[in-house]
Amino acid sequence: MQLLKDKFGRVHDYIRISVTDRCNLRCVYCMPEEGLTFLPHEKVLSKDEIVSFMELMVKFGIKKVRITGGEPLLRTDIVEIVRGLGAIPEIEDISITTNAMYLAKKAEALKDAGLTRVNISLDSLHEDRFKAITRGGRLQKVLDGIQKAEEVGLFPIKLNVVLIKGQNDDEITDFLRFTKDKDINIRFIEYMPIGHAGTSWKEKYLPLDTIFEACNEAGYEYEPVDSIRGNGPSENFRIKGAKGTFGVIHPVSAHFCDSCNRLRLTADGYIKACLYWDEEMNIRPFIQDPVKLMQLVQKAIDNKPENHEMALKLQDEVQSNKPTWRRMSQIGG
């Protein structure tokens, strides 16, 4: 099998597929509150295009798929997309990242269709604050979604918490306490300067050492763990006696580019080899032309930088006062 390897020796076996740029929330670090323009439906990859693309990609070693958005559960055919991917025997793992507003309704059907596990965005455990950060989200719907995911067996369940200075950094111990009784993985993620978030990044960024300081102040003893399926770049720990775990993902302060094994496919059919790099290849016209398609995929991988050089990119954007990246919901979270 010919593997998808870049010039630095990194083998790519994992792809994140955005199935929509639309979302029912407007999280402060992801999207502006108004003035958004979304892709017309005909510009978005269809179920058949996504499945055809993946039937080719598995021949080159891709074996893990994460479905993202936007909010992927807004797709009326999301269960059929999962079922189509689940019918490809070479795919070992199918996961989804969701805000969980509709997860309680769809979790069982998704599990039956072949979904392996779920990541849920949850940035506050306080109703009013959660509503403010998401600009309209309902915390109870997320909690109901978590419960339903547990009931149907979508394990491991991971909760993604973007740490935002002055907005939810006083809830760290609340989230840590959440792991004591629930078999879930809380993942604290550094605030990233992407698209809409780029202009306010420095004001809201907190290094993830803050997590360990909170542990120590609360008197929590913790130890590293490394047995969580699909843990990716997360460094994981368990508080003594807890059922669940917590992890830290620090793409800003300690990037993990040297072990990056992932590609991204945007909802409109562009391959990106690096989340923080502008270069992308439009593969949609060639989904039925496997030779040309794989040439473009390999070209994207060949051009992948050794690391994302985020600091340099930020400096350029601050000077021009104009972020050049797509917003996160356009790339796929």
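Glycine residues also receive a Cβ, built from the backbone N, Cα and C atoms like all the rest.
Pulled from Swiss-Prot:
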DOMAIN    7-221  domain 'Radical SAM core'
BINDING   Arg16, Arg66, Thr97, Lys158, Arg262, Leu263, Arg264  GTP binding site
BINDING   Cys23, Cys27, Cys30  [4Fe-4S] cluster 1 binding site
BINDING   Tyr29, Gly70, Ser121, Met192  S-adenosyl-L-methionine binding site
BINDING   Cys257, Cys260, Cys274  [4Fe-4S] cluster 2 binding site
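Where Swiss-Prot records a feature, it is marked here on the structure.
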residue: Cys27; record: [4Fe-4S] cluster 1 binding site; Cβ within 10 Å: 22
residue: Tyr29; record: S-adenosyl-L-methionine binding site; Cβ within 10 Å: 22
residue: Cys30; record: [4Fe-4S] cluster 1 binding site; Cβ within 10 Å: 24
residue: Gly70; record: S-adenosyl-L-methionine binding site; Cβ within 10 Å: 27
residue: Thr97; record: GTP binding site; Cβ within 10 Å: 21
residue: Lys158; record: GTP binding site; Cβ within 10 Å: 25
residue: Met192; record: S-adenosyl-L-methionine binding site; Cβ within 10 Å: 22
residue: Cys257; record: [4Fe-4S] cluster 2 binding site; Cβ within 10 Å: 18
residue: Leu263; record: GTP binding site; Cβ within 10 Å: 22
residue: Cys274; record: [4Fe-4S] cluster 2 binding site; Cβ within 10 Å: 22
Quick one: what's DSSP say for Cys257 ([4Fe-4S] cluster 2 binding site), helix, strand or coil? helix
Reduced DSSP assignment, Arg264 (GTP binding site): strand
Among the binding-site residues listed as Tyr29, Cys30, Met192, Cys274, within 10 angstroms of Arg264 (GTP binding site) by C-alpha we get Cys274
What DSSP gives for Cys23 ([4Fe-4S] cluster 1 binding site), in three states, is coil
Maximum Cα-Cα separation (Å), residues Tyr29, Gly70, Ser121, Met192 listed as binding S-adenosyl-L-methionine: 17
Between Thr97 (GTP binding site) and Cys27 ([4Fe-4S] cluster 1 binding site), how many Å separate their Cα atoms? 14
Could you give the Cα-Cα distance between Arg66 (GTP binding site) and Ser121 (S-adenosyl-L-methionine binding site), in whole Å? 14
Which residue, of the binding-site residues Arg262, Arg264, has its CB surrounded by the fewest other CB atoms within 10 A? Arg262
